[in-house]
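In what follows, a structure is listed as structure tokens, so that the remarks can point back to it.
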Amino acid sequence: MAQAKKKSTAKKKTTSKKRTNSRKKKNDNPIRYVIAILVVVLMVLGVFQLGIIGRLIDSFFNYLFGYSRYLTYILVLLATGFITYSKRIPKTRRTAGSIVLQIALLFVSQLVFHFNSGIKAEREPVLSYVYQSYQHSHFPNFGGGVLGFYLLELSVPLISLFGVCIITILLLCSSVILLTNHQHREVAKVALENIKAWFGSFNEKMSERNQEKQLKREEKARLKEEQKARQNEQPQIKDVSDFTEVPQERDIPIYGHTENESKSQSQPSRKKRVFDAENSSNNIVNHHQADQQEQLTEQTHNSVESENTIEEAGEVTNVSYVVPPLTLLNQPAKQKATSKAEVQRKGQVLENTLKDFGVNAKVTQIKIGPAVTQYEIQPAQGVKVSKIVNLHNDIALALAAKDVRIEAPIPGRSAVGIEVPNEKISLVSLKEVLDEKFPSNNKLEVGLGRDISGDPITVPLNEMPHLLVAGSTGSGKSVCINGIITSILLNAKPHEVKLMLIDPKMVELNVYNGIPHLLIPVVTNPHKAAQALEKIVAEMERRYDLFQHSSTRNIKGYNELIRKQNQELDEKQPELPYIVVIVDELADLMMVAGKEVENAIQRITQMARAAGIHLIVATQRPSVDVITGIIKNNIPSRIAFAVSSQTDSRTIIGTGGAEKLLGKGDMLYVGNGDSSQTRIQGAFLSDQEVQDVVNYVVEQQQANYVKEMEPDAPVDKSEMKSEDALYDEAYLFVVEQQKASTSLLQRQFRIGYNRASRLMDDLERNQVIGPQKGSKPRQVLIDLNNDEV
């Protein structure tokens, strides 16, 4: 019996051992270790954003936990290790502390995000957000993620935002107590000491700020007292526009240039003490400015040498470059104002003239401009506007005016405007136009002149976005172009705006050669000009490729993206500069290479706005063969100077009116989207002022031309004549007929196919005809009126 019991107990022991071993084998399942390793690998990929999977994991955690996701990574790794080796879920005090710390960090991240941005996080689906984050390769600041967002959204209505801040502090303290083995009193003592130290530093900073504010106030008060003292020392300027009153039936309100003129002259009178060369103290200031300019020149020479070693990756920012000051422009001279009594008298004459012809109307307002005076007439009920317009010549006769322009009706008002030339045109300087608007945040802001009311008119080129300037010889077109270029030089640095100047007349724009804003030297050869426009088209297409790869829509968005990347990355990438292309005489280009120029202008005007490329085209021959329908339709902004006929005016601005302008800078401006014209007296700019601005710019930085943008040298046709005796006859025949083909030469000269083909090749090589384009006829590149013909 005893032996049997021993055997049974032995069997029980062996079976129990087998059971425990089998349990151990089951518990030691290798799948658990594989899962743990996989979790660790995924967490490492997410932390360092390695590859596609790493970015997706980090996007997911960023969306859920926001900035607190880094603590989540650590907690997941620790929990994985604990569960793997202890084979149970951790239920300790530190586990609770970690969870409380995670919740506290969610609150902290979301509160920081809320106070910084002042906006709420968007409630996007998780998968769509993760996909967008991966697709754009960026991880935006999302505060406390979706969990933090909903925690804050639920808590604020219950306990207010201030209560949430208190709860967050308590959660942080509780997590520290749970995670550490210190007693509560010790933790509270340390916390109180830290709070006291923080309040002490905060009070010190506030006291320092109050002291700085007090010093600034005292400095402002001192400057105001000095300005008052200077004004008291200054002699009073007598008003030369004191008018003797003429007895009238009633007083008509008069506005405009006389008031603006007095303002613009009272302001510079204070500056005269600073900038006049007559005062000895100002000579010292000028010497000091000259010394500073010499130092700037030395610094910029060094910077230019360093720029030349850099490849054509982009324009290097010259930190020491300073835009030219407005003091380089001449101060506007004081001029005799238009007599108000004379203006009142003409207003009464105008009313009487209209009454004599059966038109009952009253002059309600008079605006005195630099060149013309506008009489605003309000016709009585039932009077047709066309009746006033038909009295155009009678009104001019009654007022003894050269010509009058009638604006019927004035846009946005129930009145008719009659513009009568002044006896003497008041000169408008570019300095007084730019004084109120410069420096401008828009680097393409240019000054045009003053309108009828005497208000300065400045327009941004990037809103035009392209401009057509046309007018007869001597009307002020070239002065307007110089004013636009000078405005850009006064407002933009070389790395911000680039210029390409095309001047077939070879005399107007050569003064700008050597300025650092130029992409290439001023182009004077018409053949090179066509190639230069094609280079601009290629640059436009290159920029659109950059926009496509960077997922941006225009130059503004691309430059903002580059600025953000430059802040985050060590490698600095250059921003794209704006490019302004100015063609001073379009007619000369259309005679030499009409089709190429027209096609290039069409591409630029249709697509280049988003790429930051803007075109200004000027011509003194506003005919339909120069300003073609394609060019006109794609250039929305236009300036019309004085022209000889109403047909030319309609070619430029679509309506008549430019034939009645006075010349000497008198213009009609039609902006992009405007339904009416604005009459402007253009700003005058002397050659010496242009030269002073150019010298100031060139002394700081030399031109750094882009070789890729330079057009190829024109082919020397004297060296590329044909050996065939019939070449000259074929040349004249093709130019006269303005068409060319092998079969046409065969029939005309009764020659074989081979000889006719060789003649066609010679004509193409000498740039008489264009290349073959499939079944289309070849284009003849030489005009019949060409000097060579």
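Positions of Cβ are set from backbone N, Cα and C atoms, glycine also.
According to Swiss-Prot, the feature ATP binding site maps to GLY474, SER475, GLY476, LYS477, SER478, VAL479, an assignment based on sequence analysis. The feature domain 'FtsK' is assigned by Swiss-Prot to 454-650, with sequence analysis given as support. If you look up Swiss-Prot, you'll see 1-25, 209-275 marked as region 'Disordered'. Positions annotated as topological domain 'Cytoplasmic' by Swiss-Prot: 179-789. If you look up Swiss-Prot, you'll see 34-54, 63-83, 99-119, 137-157, 158-178 marked as transmembrane segment, on the strength of sequence analysis.
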Review point. When DSSP states are folded down to helix, strand and coil, where does GLY474 (ATP binding site) land?
Key: coil
**Study point:** Chain residues outside the transmembrane segment (34-54) and at least six past its termini with a C-beta under 8 angstroms from it
**Key:** 61, 70, 73, 76-77, 80-81, 83-84, 134, 139
Exercise for review: Identify, in sequence order, the residues in the chain of SER475 (ATP binding site) that are 6 or more apart from it along the sequence and have a CB within less than 8 Å of its CB; answer 'none' if there are none.
Suggested key: PHE641, ALA642, VAL643, LEU661, GLY663, LYS664, GLY665, ASP666
Review point. In the structure shown, with every protein chain counted, which of the binding-site residues GLY474, GLY476 has the densest set of Cβ atoms within 10 angstroms of its Cβ?
Key: GLY476
Practice item. For the recorded ATP site, enumerate neighbouring residues of the same chain (Cβ within 8 Å of the Cβ centroid of GLY474, SER475, GLY476, LYS477, SER478, VAL479, site residues themselves excluded), in sequence order. Key: GLY471, THR473, CYS480, PHE641, GLY665, GLY682
Check your understanding: By a simple count, how many Cβ atoms lie within 10 Å of the Cβ of LYS477 (ATP binding site), its own Cβ left out?
Key -> 26
**Study point:** Cβ neighbours of SER478 (ATP binding site) where a neighbour is any other Cβ within 10 Å
**Key:** 22
Practice item. Would you count the other C-beta atoms found within 10 angstroms of the C-beta of VAL479 (ATP binding site) for me? Key: 21
Revision key, fill the gap. Taking every residue in the domain 'FtsK' (454-650), the average pLDDT works out to 89
